[in-house]
Structures are given as C-alpha cells and as structure tokens.
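Copied from TrEMBL, the annotated features are:
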DOMAIN    159-243  domain 'YxkI PH'
DOMAIN    332-547  domain 'Peptidase M48'
TRANSMEM  6-25  transmembrane segment
TRANSMEM  32-51  transmembrane segment
TRANSMEM  57-75  transmembrane segment
TRANSMEM  106-126  transmembrane segment
TRANSMEM  132-149  transmembrane segment
TRANSMEM  275-295  transmembrane segment
TRANSMEM  301-318  transmembrane segment
TRANSMEM  412-429  transmembrane segment
TRANSMEM  441-461  transmembrane segment
Amino acid sequence: MLPDLLETIVHLLYGCIIYVISYLLRKWNTKLGYVSEITLALLFSSFIFYQNGYSDGFIYISFMSAGYLSMHLLLADYGKFGEIKAEINEQTAIEEIQIVRNNKRIFGDLAISILVFAGATLFLIYGPEYSLLNYVIVFGMLTAITEMIKRIITYNTTRIYLSKELESLYILSRLDSRIYPLEDIEKITIETGVDLLKLHPYLTLFTTNTDFTTSFDKVLRLQMPGETVYLTIKETETLKAEVEPESQIADAIEEKVTILPLYHKKNIKRLLGKFYFAITVKGVSAYTSILLLLYIIKAPVWLMVSFAIIYWLFNMYVSDRVLKVAMDAKPTKNPDVISAAEKIFVRAGIPNVNVYETDSAQYNGMATGMNIGKSMVTLTSATLTLPIEAIEGILAHEAVHVKKRDVMWGQLCRAFLMLVVVFSLLFVLEQIENIEDYSTPLFFIIWTLMLLFPLVQSFYLQLMEVRADHLGAAFLDGGKRQMADSLATLATRQDEALRKAQQYSLEIRNQKEIKSSLERSPWFYRLLEFQFMAHPPIYWRVHTLRSDRNQWGSRIWKRWLADRFKESFTK
C-alpha cells in the first residue's frame, strides 16, 4: 500500500536532509561527510522501522532513498558552478555572451513531460488503490519531476562566457556548469530554431545532447567529444566565427540546418512517432491508459492481462519503425560503410538488411526489428568516425543479432520472466487468506524475484553477445583478430569520450583517473558487469577473441559460463 501524500513528502524529505547535510560536510571534510551520511541513513532507517514495522518500513525507506537520489541529481554538479565562477572572476579579459531567454522555451519542455506522464498520472488517481504499477509510476514521476526542476533552474541561471586568453567557453549554471576548451570543438553548426523532438530526453534514443537553449531562436550547435551542446545566443554568427575549428574554416564548410516547427505538416509523422515512443518505451502511459479504461468498465483480470500482452506484441511488431523515428535514423550515405555492409551481410545471409545512421556523439550501434525482413542496423555518427576495419567488426556483430533474431528472442525471454514473476505472485496470494499475517515473507519473496529478474536477463543477453562476437568474426576478412581489434578501438574511443566529459562537468577534485576498459577491473565491478549487465566486460571479450581459436560452440560458451562466475568472485 502506498503511503499518503503527506507521508510520501515527509520520507522524501528525510532522504533530502541526509544528502544535503553530508554534502555540506564533505565540502569541509570528505571523511566526515561520508561518516555523517552513513550515520544519518542508519538513524533514519531505524526510526522508520520502529515507527512502521519491518515490512512496511522498506516501502518508506524506498521513498527516503528516492529523495536522496533526487537531491543527488540536483546537486551533484553544483560544485562545478563555484569552481567555474571563481575561475571567471580571476580573469580580466573575459567576455560574457548575451543569451536569448523566452519563457515559451521552458513551457515547451514542461508541456511535453506532462503529456508523456498524463496516462500514468490518471492511472495513479483513478486506478486501483493497490497496484504494483503505482510504485513504478510514483518513482518514475519523482525522477521526472527532479529532472524538470533541474531544467527550470538551468534555464533561469545559465550564463555564457568566452575567454580568448585561455581559449575556453564557460557555461555557468547553478546545477549544470561546463568548461569547453575551444580546441576540443569538432564541428559547429547553426540551426534555424530549436528542435524539441531532438532535444527533449523523453523523445529520443542514444541522446548525448546537452541542452542549454533558453528560447526558440537560432541555435548554435557545438559538437564535442562525447556530447553535443545546444545554445541560443544573440550573436550566433559572431560566436561561430570566433570559436569555429580551423579544419571547418579551411574546408569552407558553411553549415546551417533548417528546423521545421512542431506543427509543420512534414513534422506530424515524426511528432506522433516520437510521442508514441515516449509513452510506450520511455514511459508506461500507453499501457496504464489501456489498463485504466478496462478497470473503469470493470473488465476481468484475464482480459486486462490479455490486452496488455496483445498490445506488447503489437509494439514488438512495429518496434523497428518506432525506434527509427525515435533515433531520427536515416540510411547512411557513406560509400565505404555501404560497401562493407553489403559484403558482410551477404556473408551472413541477410543481404536485404540496410544500415542507418543517427546523429549522436555516443559510440554505439544496434540491431532492431523482430525478424530479418524488418530488421535494420543503426550506427551513431560518432561510430562512423572509426576506422573502416572497426566499423566492419561492429557491423558483423550486429549482423549475427539480426540473423539469429536476438532482438525478438530477447523480448520474448523478458516477457516470459515477467509472466513467471506475475503468476508466481498471484499463485502465492491465492493461497493466503490474510495477507497481513504473511507480510514479511511476502516482502522477501517479492524482493527475491526482483533480484533474480536482472540476473536471469543478464545471463541470456550476455550469451547472445558472446555468440555475436565469435560468429560475427567469421564474416570478417581478419577473423577473430579483426573483431577483437574492432572492440578494442570502440572501447578506447568510449574511454576517451568519458574522460573528456569528466573534464567538462566535474570539479577538479572529483575527477578520477578512468581506467582503460581493456584492463581487468576490481572484482566488485566485474561482479556487477558479469552478473547484471547486458554485455560481458569488454576486456574479457577482447581477450577471449584473441586467445581462443575455436569456432563458436560448446567450448566457448562453457568458457564464458565458467569465467562468468570465476571473474565475479575472485581477485
């Protein structure tokens, strides 16, 4: 049972208090801050258990944890604000760039978020009082509200400075500040307006966008390693000329992208597709709306479950089209990539699969579609900057996912696990006459099932990834060596982008040396990667490809199975 509104707010505040006190003490003394954090968490948890009992206490603690995480999301980057402000004040020759601010811009973001969560909100208000979906909705909305508060504060406090002396662009904002060395700018573009369908986090996939836009005027788009920055300033062309990379000037590239308004007839299909993606993939409003309608007409449980399954199957069927719209994916025009894809896909026996590209600074690729005829392979624009040999390895890996229908089987396995969890709970509840008498064991049953779900899901997803590495190597001229080198190149670029992102946004004292993904990490991180993640650690994948000459079969998957446990629990 969900606590009432007042109780929810109180326990959220508990978490906020814990974070704020420890945050302030860490500024003075790091060890004291962490000790106070642990002490306060134990004290508040003990009080909650004493006041609410053992089983209900965990529900209240989950809200306290949500408050803590929400405050962390808000204040995690606050230290960078003070650091940048001090650096700006020390400089004499620094120019403030005038920005354009219009409240319609922030209202646009708020309106989209409200629409995306509308169905879930109605279910929370008018749906059944006792439903596990209520917990999913509440925690999802807490995260969304926190993100929107951060966006509002960023909108109101953002200021931009240019230092020609230090050749840096400073973005000063209370909760999201950045320092960008001008030499890191890879490309700069002017867009005729703000593309909400690209910038709002609920309407896109593979997003690496950092949105500092404050109006719907012309946008300056800065392509940086690992992220893309969007600004709305008064003198767009002037700043572009001042910070434009020399390579772009030398090539006489004059980039200007026309952005159509939301209501333009050419944008309607894209608008509907992205909102459908938001309410079915990023959120649960579509499902909750259907269930709420069935609940209002007092439909039996079996009918509700049937509708949910049918709707889920429909979404599987149209997933390739929905994801293509969500990513703004377009067929690649790169002749080298097209040639490589044709060669690899013919070898894989899937000659009709097309390669798409999506604009993202994230190094990644993915296969989508429930069957070969509806499948496509999508690469990010950052991935397309890799050497062609590395791109071939990624294409070969994704080709196996398409050929083996891994997307479809992955979804079916996930659905099967969810049904096992649901029917297990229903069976247990039917055997119990008075739930209150068994609240504690029921609590542990639910949490055990929730823990087993990601463990089992990780197992079959990792098996698919290992198979894709080794079977995909057979489609490459360089075999396993090329596949290993491809993964190593991808991991190295990802590490470099992560280091840059850390330099841009974290306080200097919080910046840590990022260990190469190709090195064996400490055992706890290996435990998390092997047991809970969709991919095995990259160091293991590369090492196995380079050291194991066997073709895909029992020897390789048995080695993965053994290493999955050995690497998780040994130093």
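Quick reminder: no glycine exception, Cβ is built from N, Cα and C everywhere.
Mean pLDDT across the domain 'Peptidase M48' (332-547) comes to 88 in this model. At the 8 Å Cβ threshold, with sequence separation of at least 6, the transmembrane segment (275-295) comes into contact with the transmembrane segment (106-126) through 3 or more pairs. Same-chain residues lying 6+ beyond the ends of the transmembrane segment (32-51) with a Cβ under 8 Å from its Cβ atoms: 11, 14, 17-19, 21-26, 57, 60-61, 64. For the domain 'YxkI PH' (159-243), the DSSP counts in helix, strand and coil order read 18 helix, 35 strand, 32 coil.
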